[in-house]
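If you look up TrEMBL, you'll see LYS12, TYR159, ILE160, GLU161, TYR162, SER163, GLY164, GLY189, GLY209, ASN210 marked as sn-glycerol 1-phosphate binding site. Look at TrEMBL and you will find ASP14, THR40 tagged as Mg(2+) binding site.
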Amino acid sequence: MIDYSSWRHVFKLDPDKELDDAALEAVCESGTDAIMIGGTQGITYDNTLELMSRVRRHAVPAVLEISSLQAIVPGFDAYFIPLVLNAGDPDWIFAPHVKGLQAFGSYLHWEDIVSEGYLVVNPDAAVAKLTQAKPVADRDEAKAYMRVAAKICRLPTVYIEYSGVYGDPELVKACKSAAEGCHLFYGGGIRTPEQARNMAAVADTIVVGNIIYEDLQAALKTVDAVKRG
Ligand SMILES: CC(C)=CCC/C(C)=C/CC/C(C)=C/CC/C(C)=C/CC/C(C)=C/CC/C(C)=C/CC/C(C)=C/COP(=O)(O)OP(=O)(O)O
Ligand SMILES: O=P(O)(O)OC[C@@H](O)CO
Ligand SMILES: [Mg+2]
């Protein structure tokens, strides 16, 4: 079973985006705790397999955040399975999971599966549109979602997803105060060491994505900011 409890920093790589070998090596050897592969749009079996194989040249743990039944590739260290807490279309809460278990049930190693309560806070993110995410009214409501995930559903992890924009550290802090043993991931809009440090102060793990493709050197600086203070 993968031990994500000590992870402070994760890079999220998108199979639908280009990254040359030198950049990929820099990301994998950066000192980040893990590589998460995932995205909402353009995720296929082939592009996921290709990216996983390239990441596998390095020792860093590699996990898949599943967004499509058609792109579940064997060979990852663990599989993170999102359950969208504020999905407006309830089919995104359990329907693909039922299909997934029908398709893969007998091949499953449950110790490699990590359930992830997903709170989609940025209404403009692709995942918000896909799942018709209900707007999160305020910090109090975010905290209540967190309690539903941690205390009622007893999920092991929650992911506060702001994909594309930098979020509200006070909202994340409120969620953390209600997490009680549930591991809190934060992702969205981290572009500077200061943003990385600020979110790492309130979340258990920060996830850095788009900046890898926009400014690699800036992305690499977020690792040291979190891991070396
Ligand atoms: C052979 C083998 C290894 C067997 C093991 C198989 C296995 C692990 C089976 C699991 C069975 C199972 C329960 C499957 C569920 C499958 C599934 C499709 C679940 C649905 C997940 C879900 C709710 C997806 C909705 C979208 C979502 C929440 C995606 C998360 C990732 C995300 C938001 C990425 C960020 O995207 P973003 O950067 O904003 O978008 P772009 O793509 O535009 O960049
Ligand atoms: O791409 P960014 O905005 O860094 O967000 C990271 C991650 O939370 C996306 O799922
Ligand atoms: Mg993305």
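Any Cβ shown, glycine's included, is placed from N, Cα and C.
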Quick one: which of the binding-site residues (LYS12, ASP14, THR40, TYR162) have their CB closer than 6 Å to ligand 1?
ASP14, THR40
In the structure shown, which of the binding-site residues GLY164, GLY209 has the fewest other Cβ atoms within 10 Å?
GLY164
Quick one: largest C-alpha distance among LYS12, TYR159, ILE160, GLU161, TYR162, SER163, GLY164, GLY189, GLY209, ASN210, binding sn-glycerol 1-phosphate per the record, in angstrom?
17
For THR40 (Mg(2+) binding site), the number of other Cβ atoms found within 10 Å of its own Cβ:
18
Spatial neighbours of ASP14 (Mg(2+) binding site) among the binding-site residues ILE160, TYR162, GLY164, GLY209, defined as Cα within 10 A: which are they?
GLY209
So if I measure Cβ to Cβ from TYR162 (sn-glycerol 1-phosphate binding site) and keep only same-chain residues at least 6 apart in sequence, which ones fall under 8 Å?
VAL121, ASN122, ALA125, TYR186, GLY187, GLY188, GLY189
For ligand 3, list the binding-site residues among LYS12, THR40, ILE160, TYR162, GLY209 whose CB atom is within a distance below 6 Å of it, in sequence order.
GLY209
Roughly how many Å lie between the Cα atoms of GLY209 (sn-glycerol 1-phosphate binding site) and THR40 (Mg(2+) binding site), rounded to a whole value?
12
For the binding-site residues LYS12, ASP14, THR40, GLY209, which sit with their CB under 6 angstroms from an atom of ligand 2?
LYS12, GLY209
Over all shown protein chains, what is the count of other CB atoms within 10 A of the CB belonging to ASP14 (Mg(2+) binding site)?
20
Sparsest-packed of the listed binding-site residues (LYS12, ILE160) - C-beta count within 10 angstroms:
LYS12
In which DSSP state, out of helix, strand and coil, do we find GLY209 (sn-glycerol 1-phosphate binding site)?
coil
What does DSSP say about GLY164 (sn-glycerol 1-phosphate binding site): helix, strand or coil?
coil
